[in-house]
Every structure is written in C-alpha cells, then in structure tokens.
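Data first, discussion second: the structure below is written as structure tokens.
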Amino acid sequence: MSDHIEEKIKNYRTAPFDARFPNTNQTRNCYQNYLDFHRCNKALTAREQDAAPCDWYQRVYKSLCPISWVQKWDEQLEAGNFPGKI
C-alpha cells in the first residue's frame, strides 16, 4: 500500500464530505460504506491482494453507523441472509 494511502488512513478522524450524500441524514452514506468495505475485501481477497486499502471504508462506516446496525448486518452476513449485494 502506498505511503499516501497509509497516511490518509492513519490521520483519519471523521467521515469526509461525500457529494453523493449531501444531506444531513447520513443513513445511505453509512450503508454504502458498509457495502463498499465488504465488496472491497471480497474483491481484493479473491485476487489474493492486500485488503488494507479497504480499511478506509470500515473507518467511515464505523464513524457514521449506529453500532446496533453494524452488529445486525454482521449477523445477517454470517447467517447468509444479508439483504445487500456484496
């Protein structure tokens, strides 16, 4: 992973502005970053590449999403009944 990406992840504090989600309600932003994290991990792992760049999405969704939502989604993923496409 490049030093630039590592530095960005290390200095991460809060989710940056995302033009796709300009409203104050960040529910869709939370969900999209959760999906992006798991899609990124799946894609890079399938290619046997380092999945560290995916950490960015995880940090964003963890700062935006209520813990109870993430726990529920993680349980659904494990049970094989998560409603999103990963």
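For all residues, glycine too, the Cβ spot is worked out from N, Cα and C.
What TrEMBL records for Cys30-Cys65 (among others) is disulfide bond.
Summarising the annotation, TrEMBL assigns disulfide bond to Cys40-Cys54 (among others). Long-range neighbours of Cys40 (disulfide bond) (same chain, six or more residues apart, CB within less than 8 Å of its CB): Ala51, Pro53, Cys54, Tyr57.
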Q: Can you check which residues sit near Cys65 (disulfide bond), meaning Cβ under 8 Å from its Cβ, same chain, 6 or more apart in sequence, and list them in order?
A: Cys30, Tyr31, Asn33, Tyr34
